[in-house]
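Peer 1: Quick one: the structure is below, questions incoming.
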């Protein structure tokens, strides 16, 4: 049975922040324990930079845990195979100046010279990507909320627990590498970045996966492909600006994300084989909610709309766009052969119809939104010493409307 906690009014991804629910000093995530106006008006320490949704827990029927228990051997053979032995993995030091070498200072100087050719807009996006990677403790925590697959002891030898720990260990290199690169580049305000990371980890994330591995693995499938695209595009742009070393860094991270995407999509593919009706309804549920980006609770101590503003720069320079969102959904629909599912219940068929019709609907809404965005504006980002970066004009209103509209449509 699903437990509904903390009845806070839901808001879309793009609504303005609610200052009355935040302390002026602390803005890390918490969930209010009452829906009363009296409680809502009290500023609490460590409250979120934006409200989280109504919290639903343990929505998966307990008997479905048996499905994941029965897939233990399958996961060992088919999912753990997508991990690399530590000794065969690249490490951040492979791509950075060697501090123990006599040429360290010269190598740093060369890195900084290359970094000078990169525009501020690019650094805003690279910093945002790095901060997202650095919030890894949150993502491991999220995976360990999932019923039937969590690491029950911290060192469990189940296939699911081994995957979660090893995946986390591989992902840990990404934030380490980008963090060190940005530190050496001299182009960014590291203290503001470090504060943003601390705020974000303290805030957590609100993926609305309800402790369900169905929802959780659909979410991670989408997110790994999104990060693969994002890092691939930062690699492309670095190359265009002449920084081949940085392009290599971003490309190696993208390669990891692609491998992880393959593992997660394979899990969901197996769920479609084992329980097509339950899986297609979970897919539709996740898409109705909209896939929230992992760093959507991002805050730097100053900008209440930091994530939206960072996302707008990423959209403008072509690192991650609304078109990419539709492309990912279309890819997953094809990858999991959703259109070809048969023998579904009435609710399952409605979910199937909804999902298959969603990509073109998002594209149409995005085209209309783009037609209305005729200008751009500039905003200061603390990450780049309050220099200005160009954003799309009214990004939250225009692009948020896309998701408000498609989420409101019924099956």
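Keep in mind that glycine also has a Cβ here, set from the backbone N, Cα and C atoms.
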Peer 1: Quick one: which of 51, 66, 257 does Swiss-Prot put in the Fe cation 1 site with 133, 171, 174?
Peer 2: 257
Peer 1: Given that Swiss-Prot annotates 171, 257, 260 as Fe cation 2-binding, name the residue from 152, 194, 224 that shares the site.
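Peer 2: My reading of Swiss-Prot gives 224 as the candidate in that site.
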Peer 1: Note the Cβ centroid of 133, 171, 174, 257, the recorded Fe cation 1 site, then list each other residue of that chain whose Cβ lies within 8 Å of it, in sequence.
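Peer 2: For the Fe cation 1 site the neighbour list reads 136, 170, 172, 173, 175, 227, 231, 253, 256.
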Peer 1: Find the one among the binding-site residues 133, 171, 174 whose C-alpha lies closest to that of residue 260 (Fe cation 2 binding site).
Peer 2: 171
Peer 1: Return the residues near residue 171 (Fe cation 1 binding site), defined as same-chain residues 6+ apart in sequence whose C-beta is under 8 angstroms from its C-beta, sorted by sequence, else 'none'.
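Peer 2: Expected: 133, 136, 139, 256, 260.
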Peer 1: Rounded to a whole number, how many Å is the Cα of residue 257 (Fe cation 1 binding site) away from the Cα of residue 224 (Fe cation 2 binding site)?
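Peer 2: Distance (Cα to Cα, whole Å): 6 Å.
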